[in-house]
Amino acid sequence: MFSLRRRRRLVLMGVPLLGALLLWLYTHPQTGLQTQTLAKEALRHSAERSGTLVMRPSEEWVPLLEATRQEEVWHEELTGGALEGELNRRRAHIASATSHSWKAYVKFAWGHDELLPLSSSSADAFGGLGATMIESLDILWLLGMKREFGQVVKWVADFDFNRDVNVSVVETSTRIMGGLLSAYQLSEQKALLIKAEELAHRLIRAWDTPSGIPCGMVNLARSACANVEEPVTLAQAGGEQLEFAVLASLTGNATFLQKVRKAIQHLETVDPDMGLKPAAISLTTGQATMQSYGLGRVSGDFYQYLLKAWLVTGKADGRSRAMWRQAMDNMLAALMFASSPSRLKYIADFDRGAVQHQSDVSACSIPPMLSLGIRTKAVAGQKALQYAMLTRDLAYACWRLYANHETGLAAQSVKFSPGADFKATARSHHLDPQGMENMFVLWRATRDSRYQHWGWSIFNALVTHCKVDRGFAGLVDVQAGGAKVDVMPSHWLGATLKYALLLYSPQEMLPLDQWVFSSQAPCILTSVMNSQSEMDGQSAF
């Protein structure tokens, strides 16, 4: 079995020969044995010229370079696009779901991280920092729920972060600090920025490790790492950079920026010829603790943040853009596959020397990321065309992760199997936002009404299967339906419903050329650092 690095090298040897052929295949949709044979012969010829053979899976597996454009049967589009009256009706339904969820949270879980809707109680999965209310600030503002927004701002202003609890650095940075910064940029309520900075001072010592990679957990009262001996995931190592960079710009405190910059600079040196970075990293050495790579839950946010950091710094952060492009090239060359029989595109994982044909619902965030790279010219020319075709195919595959199940909702994880496309391996659903994010961003980017249609199907499935008397709850089994998971995750209001609202709102509401969305969906102005992309005479990263 070839290593991931060798597979990437061998596939890329064929790029000069295959470039024109690939573009022709993408722009001339054909099916049949002749087209597939041409692609296979091109690969074989490229490999034989190098004196070795390309690693090929069994005949049932179809890597990207051998795949042709699949025949797709799309759902019927709304005639002439959704009319304004229909858009208003859909926004009203989403506002109703928001109000229903918010009232239940206020009554049974106010001040806590998450509502337990079945037991009418609460849970503190993120240290008891009021995650649901802080993550909900955006949608409360967008829906004009200013009284509710003001109540949360008052609670935040009075809250004391001096708490003897261990919290996840990445979750607290993206959910709590990110939520505060996003709401501040929308409302200019100074108390939100003050509390974001206060929290950041308690988190910043997470970067005081031998490698400069942040530890995974921090004790807020002591402002110190709680687990310095444990490795961290890639998302933990570099998934906080956007929030800290923005805070540095808004406050003028360069320390926040310097800490984050050190970690990203180090990560650039880890497996530099690979593009993709290892999924687990030692705090002591800063090197991989296992040879696992991919764009799933433990890694995907890191790559999104590379691209978004480049944008938030006014495109001054060349390092992040270069790292992102190299990672995407590696992904295309080594981890892109198509299922059988439907030829759904998906991105596999690589773990301990072997490709793992598995994925999870977070894969639905990849098409929006690629779309963002195209629209902002992070890639151009033939590569942009390839990304555009891939974005469309992955967006459709995301939709199938929902539509293939009886409830119309996506399972947490799936495994791709020859002849069966995919089967759920973790069958629960937790009101995840990635599917709705996919539909929102692709609709804004393409104005193709199928994404609004698919998004409405997902929303209806959520209302049908997940609405309960006191809010919304996840499902135990997306095939069987019925049994619920007793938690309304904080991302339900702050991300899933917000993306649903934006999907049916005018483009002037958070336009994508002015705002980017962080991993937990707080929105950040792309211009926030344009006038301050350099601090202390140095590049932002």
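Residue 1 is the first one shown; counting continues down the chain.
A Cβ is built for glycine as well, from the same backbone N, Cα and C atoms used for every other residue.
Listed in TrEMBL as the disulfide partner of Cys364, from the options Cys398, Cys466, is Cys398.
In the structure shown, the C-beta of Cys398 has more C-beta neighbours within 10 angstroms than that of any other entry among the disulfide-bonded residues Cys364, Cys398. Taking CA atoms as the reference points, Cys398 (disulfide bond) and Ser519 (Ca(2+) binding site) are 17 Å apart. With a cut-off of 8 Å between CB atoms and residues at least 6 apart in sequence, the same chain places Thr174, Ala235, Gly239, Asp301, Gln304, Tyr305 near Ser519 (Ca(2+) binding site), listed in sequence order.
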